[in-house]
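Here is the structure we will look at, set down as structure tokens.
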């Protein structure tokens, strides 16, 4: 068949997969996660591939799993989306625990699995006797978790943010650690292993982590500087700059034999922290939807290829005793080390933030294996072809078992364990403006208490150092803290409400009270954030206390707009020029018989020309506001 026909078949396959997923959602069928549905469709296609296509055909090469396509085309968009939409507030608040699970836990799981496989060679039957290095290589790849299905269920059931960030953060960092560990021991297969080679491997592990992090940050800084100075009038290029600089970090790290996974994760997290401040509201929305769409396409292709591989790899010829032994080993290992590391983490956590046994069980049960484990299995050393075939079949079946068995039953496990959920009522209805201001003030109070008591001072000092030295260089508007932060947050909430009220003909008093009349305009950003899987608590509309960007450097209301206000107003289509003679609103009386008469005296309104740079997901798409009304101060 021609190339055009091959491409047509692939596109039609993706179309029917997306159509099938949509039909499942419309029918209210949520028993199976989306990934398992894609795998089932892939299995159906796999029957056709095995019966009617030869291995030399071009369509066969399009449909089967290829490691180069996976690691260089399909994996980067998934990592970029995961890092960019990660809840940074919860990530850095639980960073120590996440890294403990991801790095120490991955190493312990890999060596425990390796010891189990190496100590029982008779389970592999025939002439298969893996060396200890080969066993560790297998242990490293089978320790890579991929909780795409679990996180989708978490979002559907509104699981609390603490447990969600533990699962998602641990899985992302775990993938990076597994790949680095796999590549290190893969290079030792067939070599003479000495004490110094092990020492060098451990040292190289930390060098790779640090160097990849630095490269990822540098490329994110480059993208932030480009969007700060060069793309202010070219909004279309802003999203493209973020995507390309993140992809460059991935490729450069891989060329330098570092970790591309760590590089692109660091770049995407840094982009969401710095580059977002330089983007217009339209570019922010576009970036989130584009990254999510690319990740969804890549995930769908990967799971379809896993279903096809069920037949192309002849997995039914696996040694079932080997499979059962490996599955029990990785399950016991993950449970054992999750309990151990959780106990160790709880020693340094306050009593109100302890990891409960329910959380530990969900972390263990949510350790699904996915495409990264299978991709590494395809890349297993070829010195022993029989061992490599056994590794591929076992890994693929482990992926299918965990996705179908653990993924499809996760929802029932959450209900059985009575895992705490988000407040659905608060999530469905927009909080009033005073409540949102209070939510912005509470973290500042808690931060102050931590600093006074000597706890959390390191993170607090890092945030201050970042706001003082890095943010002013990479972004257009500096960060504010403390009282100024709360004032700016409250002001921008009132400004947003008043602007929406002007559009709908509602009085500012009603707008400031968070009336249901304005609920829909104010909820636009929230619904966008919910659809994209980001934190939906009111306090994260501005990211975090350390990430909130004020409307303008001036904290108080001004009679004359500044240049920065004018520029920002142009980007958000809000007029910034006040009337030449501001009307005296103190003695204005509402119309006697007007259909939309004001309900009460209007509170003081800030300059509507101020940039709505505050609640990132609360911005209206395009508001046509009336010129600002400034209350005159009475003369003394």
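Glycine is treated like the rest: Cβ placed from N, Cα and C.
Under the heading compositional bias 'Low complexity', TrEMBL lists 600-617.
Under the heading domain 'Cation/H+ exchanger transmembrane', TrEMBL lists 15-415.
Taken from TrEMBL, the feature region 'Disordered' covers 540-636.
According to TrEMBL, the feature transmembrane segment maps to 6-25 (among others).
Sequence-distant contacts of the transmembrane segment (37-63), counting only residues of its own chain at least 6 positions beyond either end whose CB sits under 8 Å from a CB of the stretch, comprise 1, 3, 5-7, 9-10, 13, 16-17, 20-21, 24, 299-300, 303-312, 400, 403-404. Annotated transmembrane segment per TrEMBL: 37-63 (among others), in sequence order.
Per TrEMBL, the feature transmembrane segment maps to 69-86 (among others). Within the chain, the transmembrane segment (69-86) has long-range Cβ neighbours (under 8 A, six or more residues past its boundaries) at 165, 168-169, 172, 242-243, 246-247, 250-251, 254, 260-261, 264-269, 271-272, 287-288, 291-292, 294-295, 297-299, 301-302, 371-372, 375, 532-534.
If one looks beyond the transmembrane segment (98-120) by at least 6 residues along the same chain, the residues whose Cβ comes under 8 Å of a Cβ in the stretch are 91, 130-132, 135-136, 138-140, 142-143, 165-166, 169-170, 172-174, 176-178, 181, 325-326, 329-330, 333-334, 336-338, 341, 344-345, 363. If you look up TrEMBL, you'll see 98-120 (among others) marked as transmembrane segment.
Counting same-chain residues at least six beyond the ends of the transmembrane segment (132-154), those with a Cβ under 8 angstroms from any Cβ of the stretch are 33-36, 106, 109-115, 117-118, 163-164, 167-168, 170-171, 174-175, 178-179, 181-182, 185-186, 188-189, 191, 193, 299, 326, 330, 366-373, 376-377, 380-381, 384, 387, 391, 395, 398, 403, 406-407, 410-411, 414, 533. According to TrEMBL, the feature transmembrane segment maps to 132-154 (among others).
Residues annotated as transmembrane segment in TrEMBL: 205-227 (among others).
Panel annotation: around the transmembrane segment (247-269), residues 71-72, 75-76, 79-84, 86, 88, 91, 172-173, 175-176, 179-180, 183, 208-209, 211-213, 215-220, 223 of the same chain, lying at least six beyond its termini, place a Cβ under 8 Å from a Cβ of the stretch. Taken from TrEMBL, the feature transmembrane segment covers 247-269 (among others).
As annotated by TrEMBL, transmembrane segment applies to 289-312 (among others).
Residues annotated as transmembrane segment in TrEMBL: 324-348 (among others).
Taken from TrEMBL, the feature transmembrane segment applies to 360-378 (among others). Only residues 6 or more beyond the boundaries of the transmembrane segment (360-378), in the same chain, are considered here, and those with a CB under 8 A from a CB of the stretch are 35, 65, 67, 70-71, 74-75, 101, 140-142, 144-150, 163, 166-167, 170, 175, 178-179, 182, 302-303, 306, 309, 330-331, 334-335, 338-339, 342, 391-392, 395-396, 398-399, 402-403, 406-407, 410, 413-414, 417, 419.
Marked as transmembrane segment by TrEMBL: 390-414 (among others).
Residues 30-33, 35-36, 39, 124, 128, 138, 141-142, 149-150, 153, 156-157, 159, 306, 309-310, 313-315, 317-319, 322-323, 326-327, 330, 361-362, 365-371, 373-374, 377-378, 380 of the same chain, all 6+ positions outside the transmembrane segment (390-414), place their C-beta atoms under 8 angstroms from a C-beta of that stretch.
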